[in-house]
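Some features that TrEMBL has for this protein:
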DOMAIN    A:88-161  domain 'J'
REGION    A:294-315  region 'Disordered'
REGION    A:426-453  region 'Disordered'
DOMAIN    A:549-604  domain 'SANT'
DOMAIN    A:553-600  domain 'Myb-like'
DOMAIN    A:553-604  domain 'HTH myb-type'
């Protein structure tokens, strides 16, 4: 048992420090009814005491029921039960002040109170006169209860509540005081909504979302209002099925009509409100302003960007220009320096040469003989030309510092060296020349022979391949090279280039030789002869079928013309070959015949090769 | 409205229905309340349940067992690899997914583990429909606490494929708590519950905190090496050695003989939970030799004592891991069929001498009953979608009040326990001697156990100028309300005079 202590004197309620730790997040198991209750509360954003509040509300409602005040309807006693349709049933039951808001319990209670007061038996006992049958006004009370206790009938009556103000404010009414005019109207009409939570019109400070939600709600207004109460014919009164159907049809049409009118009414109301709403105007303006601002900002940004770019470009240009200038300056300086140096050197050399000449002259060119002297002079001149500054200086030194003999020896030695050098240079140049010519030769032959050796078998294979894939084959040389690589026994890989080169060199052989090759009669001499590279002065044509002996080869056009002519002049044409020769300009009859024979042969060879390949592949299979 | 709760275990499945305000386990068509989770594939049909389990002697390679262990796992999962090596039914990887290879006479079928689970769920659904009618499909399914997202999805998908409308997947320990209705009647106060689940192949022990009727798993420990089958295996090994002693034949190498012994040991194990001794009798176990053996409960307990020790060690380890002593546990819930073993219950009782051991519901039915109760709570509710990792704000520290006990020494009482889901309000009637004219409530915050240091005091509430009473006590009503951010509002009222003091303490930022 814990007892609380008493407070010391002077102590009061106080907080010494704040709580040190905030709430922590804990993972919980989604199990049990308290968890469900917790989640529900949290989702509804209600506090722990929410349930209690709700309970309290219910209690207060109950107590309200008990205190229900019934308003006496003064005209009650004068009502005509026959005219019940035009009566206000709420007023009859004394609920005129609550109307559609009345709960079922209230209606029941009101009915009970009315019955207790107005039942004919009671009044009879009180000595009031009673009308006979259904004519007594009590029938109205029964009817009212009948209408209001049934939810469907009550809804029908509520829909045509006589106290409801159906009016829609016009646009001009709401010019200045929009909220005062429209707010009550929307409030009033919201009772027809099927959905429970109807958004309020709000005020000038409502957010855009709220306003948007409000108008979208009202434009899609889902009303429960219906007009069956106003049916002119009563279905129950019909005597047969057909009549009932007819009545139903009639009623349906009028109801639909009324419903449409009602929807139009709501629509007009919302339209009016929307067009007058100052907030919408405001939002539109804001939107516009925003867009404008955005546009401006964009333009600004773009401009800035461009400026920045321009600046950068300028800076870059400037930098480049500066760098260039600097470079140029340097180059100029260097050139100047070099020139100066060169000048100095030139002068020095000149001086030295002069010196040499002078010294030689002083020594009388080391000879007495005139011819020798001339020769010596020549040599000295050569020396002057060829010797570098340093060696010149050295030579001059020896010449000036030593005796005539020694000077002569040195000079002669120098001359000898120079001559040796000149000779060497000459030799080198010659050697280079020879090398160059050799290289040229090699290169001319290289393409044909290549670095790879062509064996006899390979050559045959190549010829076969060339015949097999005639000119015009798609990427012909690659195909041929491929074919060679596949079928060659030598194992050398050949590229299209190699093949082209070889084929070209082969092309220069005479057709007999080729035939020989085809027939495998290829003796050694001929082979060597064929393989020997020749200067590449042959025709550029790649066509293999031309008779390229001593005539110009057949060009494609000529070939075409020939073929055409062969077709136009069949075998039995008299003087066929003359005509064919005429058709092919620049060719004699003999040429044409020769060509034709060749062609025939080639076609035959090709066919044979193809067959061979076919057989080979078949055998492989 | 009726709802269903299903527990699919490694070795067996059980279904309970919630009807007319109570949950009950439904017996299957064979009259058993628990159905073996075994599916056998034969030439022209798929057999689920007891028939499949009994026929496994002849059809071992086409009988799928313990499907839960592989459900939703991929081949690189060590657990799945272990399962694949142990499984008698061939498991292969196909298109990156694990499949059972089942040979049913003319063709080889590749069966999805989800399909196996679906067959078991279908069976459970049939069983439930036998008492509910075929329009009740709302179900809550239990999963182990350590199940991953993929495994949960696979299990949920299997249940949906079986025609269930899965309301929620809940954890097994929470279902066990719910079956006993712990914390559901009075949603105030806080208690710690130990859930001991010894299933067919695994032992899992969890410490749960119940606060304001909401459950939290504080820590959990799973051991895959202790389970009902291990007990059976131990017993079967013993029987084999007995057979060898009598007939000089070693049957351990013979798979079919061992299977027969396992079946027999299983039955013997079950009867030993209630009887003092059980008889194993097997006709022509090996080479026409009949086998007859009597096993006493004492013998069984002796054989299994290493396993019992492991179980107790697991509990001790968990307590140590969560920093609790045996006295901090308020209740122990037993579930899983093997926790029926009397020796085990005795050992647990010895470990928690002052604690209530909840075993009134048959242990293998606890979890499905809890699931059915949850299904009954959820049925008819809208938006059941609960984010998977559901986190809620809870108070971090205990709020205590200082007072004096009869002997005059200072003592503390917890007014607002830590871990209370926020927002929350707690109301306490405290007492003070009537002879004093002022009362002082000194409030402390602490993480410890019913004690606080002087510097933990954060506020005091003083009620002054109270009417003095000659003798007797006065009642002081203290209401503490904590908001979601952790700030606290305290109101103290003297019940007689109606004098009132209120303060609000914010959280230090």
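Don't overthink the numbers, they just go from 1 along the chain as shown.
The backbone N, Cα and C atoms fix where each Cβ goes, and this holds for glycine too.
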DSSP residue counts for the domain 'SANT' (A:549-604), split into helix, strand and coil: 37 helix, 0 strand, 19 coil
Model confidence over the domain 'SANT' (A:549-604), averaged pLDDT: 80
The domain 'J' (A:88-161): DSSP-derived helix, strand, coil residue counts: 53 helix, 0 strand, 21 coil
DSSP helix/strand/coil residue counts for the region 'Disordered' (A:294-315): 22 helix, 0 strand, 0 coil
